[in-house]
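J.: Just dropping this structure here.
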Amino acid sequence: MISHWSIPIYWRLSNLYFWFFALLGGLLPYWSLYLEGRGFSYLEIATLMATIQLTKIVAPSVWGWLGDRTGQRVRLVRFGAITGSLFFAGVFMEPGFYGLLLVMLAFTFFWNAILPLYEVITLRSLGTQREKYGKVRLWGSVGFIGAVALVGGILELIPITLLPWLLLPVFAGIAVSAFLVPSERGERKPPAPKGSLKAIVTHPAVVTFFLMNFLLQVSHGAYYTFFSIHLEQHGYGKLAIGLLWSLGVLAEIGLFLVMHRLTRNFTVRQIAIAALALTMIRWVLIAEVTDVVAVLIFAQLLHAASYGALHAISVQYIQGFFGQHHHGQGQALYSGLTFGAGGALGAWLSGFLVDGFSTSAAFWGGAAAMAIAIVITWRGLRPPPEH
């Protein structure tokens, strides 16, 4: 924990977010186009894209448990960064579908160890100044935007099949920044009283919270898997696709800068319901008005709600309900059950909708998931206890 908001700590905390999300910026908008360029079918693309989320079901829980038990979260972050990078090198062998599936599973198992552990490190480093989290986390958004724009511009000049080579400097940045993370004291924790974690997880408000976020990520399946292909089908070039992705994250940055004001003036429930409704509108606009650039720009600005607002309140919601002892496992469950299970299921289901109907149908499926989430959240979400 830090006693004051010092510049060195700020940059050391922000650095890994920058590089971690820069890698996402190189992967998410263009990996489906890379797979399409390699000749994979829509269902194969959906399955391969789902692996990015699939390993979040297990990996964060394993790493979160290790972090809580050993107190060595920084070392685990470094191990995940190095090992994940080594497994990604298998992509350069250009394996077939099953070979690439194994490479992606191994790579993401270690890579997905990083963020849940690092969220705990960041919040503990901030201590009582946890409202500063948004200002640290926004550098992840900056990294994402920079990578999306740079990679998109380069891909206008070179074949999409060279994408893995463009990601090498980002992997190097992740490895270096992992060794700049502020060290922890490495205190081991005694086991929690039996049943305490179960009591938290089965609390009705926590069940609602996880269902809400699960459906949110199901709805994002079409976006993360087929948004770029959807735009390409409507005549957008790779640089334009990258700029539209960047626009969404730019809106997210603006949201993070004012999020502390929103949380002071509105309840968690109010923010969540409003954000879910805006997300539903976003998917409908992308499905039906793709050719109108102004409307598509507005839809991308709604990323501030569909990711930024809901993620920001979720991180603090977990801290409020899970407390210090189970914080790491709470973050792991959040990552595993929502981004993992929800994201993987959403990606896979969107593959069937695209294969059987169209990319627009996949976004309509996401809007339907949001309608269900709004009802569940309206009925069951309650504020977390204060710690």
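The backbone N, Cα and C atoms fix where each Cβ goes, glycine too.
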J.: In TrEMBL, one of 138-158, 264-284 is tagged transmembrane segment. Which stretch would that be?
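T.: TrEMBL lists transmembrane segment for residues 138-158.
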J.: According to TrEMBL, which of these ranges is transmembrane segment: 76-93, 310-327?
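T.: Checked against TrEMBL: transmembrane segment maps to 76-93.
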J.: For the transmembrane segment (16-33) against the transmembrane segment (331-349), do we get 3 or more Cβ-Cβ pairs below 8 Å once near-sequence pairs (under 6 apart) are dropped?
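T.: Output no: the transmembrane segment (16-33) is apart from the transmembrane segment (331-349).
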J.: Between 76-93, 99-118, 361-381, who has the most Cβ pairs under 8 Å to the transmembrane segment (164-183)?
T.: 76-93
J.: Quick one: average pLDDT across the domain 'Major facilitator superfamily (MFS) profile' (205-387), no decimals.
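T.: Across the residues of the domain 'Major facilitator superfamily (MFS) profile' (205-387) the model's pLDDT averages 85 on the 0 to 100 scale.
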J.: Any contact between the transmembrane segment (99-118) and the transmembrane segment (236-259)? By contact I mean 3+ C-beta pairs closer than 8 Å, pairs at least 6 apart along the chain.
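T.: Between the transmembrane segment (99-118) and the transmembrane segment (236-259), contact is absent.
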J.: With CB pairs under 8 Å as the measure, which of the listed stretches 45-64, 76-93, 138-158, 331-349, 361-381 comes out on top against the transmembrane segment (236-259)?
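T.: Result: 138-158.
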